[in-house]
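Engineer: One structure, as structure tokens, below. Some questions next.
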Amino acid sequence: MSETYDVVVIGGGPGGYVAAIRAAQLGMKTACVEMRGKLGGTCLNVGCIPSKALLQSSELYHEAQHSFASHGIVVSPKLDLKAMLDRKAKIVEGLTGGIEFLFKKNKIDYVKGRGHIDAPGQVSVTEGDDKGKVLTTKNIVIATGSESTPLPGLDVDEKTIVTSTGALEFDKVPKHLAVIGGGVIGLELGSVWKRLGAQVTVIEFLDRIVPNMDGEVSKTFQRTLKKQGLEFKLKTKVTGAKKSKSGVELTMEPAAGGDVETLSVDKVLVCIGRRPYTEGLGLDDIGVERDKRGVIQVDAHYKTNIDGIYAIGDCIPGPMLAHKAEDEGVVIAEILAGQKPHINYDAIPGVVYTWPEVADVGMSEEKLKEQGRAYKVGKFPFMANSRAKANDATDGFVKILADAETDRVLGAHIIGPAAGEMIHEIVTIIEFGGSSEDVARTCHAHPTFSEAVKEAALDVEKRAIHV
Ligand code: FAD
Ligand code: NAI
């Protein structure tokens, strides 16, 4: 039986489910096709949320072992990994169930199975509970997300050689975990297992970790993680892996070529980036344009080259972040409703949820130099922040970059406690086209970590008070 919708969204992740909810709020008859059996996509099921749950638990365990005593709290912590994993699973279940509730509340049809675009205006479901269902619709929004990029020569089995999905489920703490890729996933999940007792070796192809971040931050970040016991092999490429009963033997060589070396570990996490997931959608048959990496090409209104077919989230260009996907979900629904919304891609924050956290928004110094723009730098270390002192959280700094002439804030980079929360002050400033003077003149409560943001803004004109 065929039904007619205003919009059918394929994919129930942060991009897709938000698009569906906003479309329904705007009065459109909406369906969302999801094949995972759960709503929430990568983010809620095997990404943002489970990783943050484990980061929080492992941080508490580590603190109980190493920090409580300095506060005069004497404990003998013991790890119950099963309980930790069960807690994570419960959080995920609660949140994915919450999205299902929101779908019901907004009268969105949740169609379980794999969506296939037969033609513009027609989506069929080829697997799952609703197999055989054909949906006719005025508009199709593709929000099918991304998947882990494979590394040739390493066969992922999600037990010994794993992607992030397997690394969220180890039932024993690995003795030695090799992390291939010193990016966001590698450093977050590497931190989790290091805190729980594993030896962790991060193997990165380039000469620094988190290579897209401001260089100064990435250097401090690596130094801080090294102090915590993570080991790094930079400028190194993994060329093969041999599995044995006891684990895996990795073969590596310098990225520029040279002598081969081996590393024996019991688990390997492959996290060298993610690529769009558009399998089985039928895009080639209907001629939806993608680039060499499979990224769906869209115009400024998220329209593909085919009328009536739109795409958002990880499967289109831009940072692969849940909040970017969500914002695009809102915007595409509003565009389909005839509104004229807009996203400022210069004001999308990025956060790495390690200890300390690392957060940024806008331009890095490297990018400003590349563009030949004149800029001023203001910096303030958490070592000189009283709340950071009181909390024993003095690693890191705030750095603000402002236009040399107009003082307009162009970027901010924070490594330190609660960096992921503090960055939003600068996101808002950038969104409003504000200056470092605006931040410097804003009253910040004392004692807070955020005072370091104000002091960094004062330092743009070299008048910070506490250094
Ligand atoms: P997805 O969340 O990938 O959702 C796409 C959905 O589409 C999936 O559920 C999939 O099953 C479904 N689908 C695909 N094809 C079909 C089809 N043909 N029919 C039906 N359904 C289909 N981002 C952050 O901002 N913060 C974080 O802290 C963070 N942590 C992360 C941690 C990890 C370990 C990983 C892997 C990612 C993390 N991310 C984080 C990235 C974030 O998960 C993604 O950017 C976000 O999920 C993208 O949303 P999306 O809706 O575009 O795609
Ligand atoms: P990433 O792009 O962050 O990092 C990949 C790293 O692997 C880079 O440093 C790259 O230089 C390196 N690399 C590439 N090829 C390599 C090779 N052959 N050998 C060794 N190193 C190699 O990708 P990652 O960590 O896989 O995460 C994917 C995406 O998921 C992120 O880009 C991010 O968008 C999202 N994510 C976001 C999080 C957050 O916001 N906190 C957390 C986790 C993931």
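Just so it is clear, glycine is given a Cβ too, placed from its N, Cα and C backbone atoms.
Annotations in TrEMBL come from automatic prediction, not curation.
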Engineer: If TrEMBL gives Lys52, Gly115, Thr144, Gly145, Ser146, Met320, Leu321, Ala322, His323 as binding FAD, which of Asp155, Asp314 does it give for that site as well?
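Structural biologist: FAD site check in TrEMBL: besides Lys52, Gly115, Thr144, Gly145, Ser146, Met320, Leu321, Ala322, His323, the record includes Asp314 out of Asp155, Asp314.
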Engineer: Have a look at TrEMBL and say which candidate in Cys32, Cys48 forms the disulphide with Cys43.
Structural biologist: Cys48
Engineer: Since TrEMBL lists Gly181, Gly182, Gly183, Val184, Ile185, Gly186, Leu187, Glu188, Gly273 for NAD(+), which candidate among Glu169, Glu204, Glu261, Glu279 does it give for that site as well?
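Structural biologist: Between Glu169, Glu204, Glu261, Glu279, TrEMBL records just one in the NAD(+) site with Gly181, Gly182, Gly183, Val184, Ile185, Gly186, Leu187, Glu188, Gly273, namely Glu204.
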Engineer: Neighbour count, 10 Å Cβ-Cβ cut-off, for Glu204 (NAD(+) binding site): what number do you get?
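Structural biologist: Glu204 (NAD(+) binding site) is surrounded by 25 other Cβ atoms within 10 Å.
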Engineer: Go through the binding-site residues Ser146, Gly183, Glu204, Met320 and tell me which ones have a CA within 10 A of the CA of Cys48 (disulfide bond).
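Structural biologist: Checking each Cα against Cys48 (disulfide bond), there are no hits.
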Engineer: Taking the centroid of the Cβ atoms of Gly181, Gly182, Gly183, Val184, Ile185, Gly186, Leu187, Glu188, Glu204, Gly273 as the NAD(+) site, which other residues of that chain lie with their Cβ within 8 Å of it, listed in sequence order?
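Structural biologist: For the NAD(+) site the neighbour list reads Val179, Gly190, Val202, Ile209, Val210, Cys271, Ile272.
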Engineer: From the recorded positions Thr144, Ser146, Ala322, His446, pick the residue whose C-alpha lies nearest to the C-alpha of Glu204 (NAD(+) binding site).
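Structural biologist: Going through Thr144, Ser146, Ala322, His446 one by one, the closest to Glu204 (NAD(+) binding site) is Ser146.
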Engineer: Which three-state DSSP class does Ser146 (FAD binding site) fall into?
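Structural biologist: SS state of Ser146 (FAD binding site) = strand.
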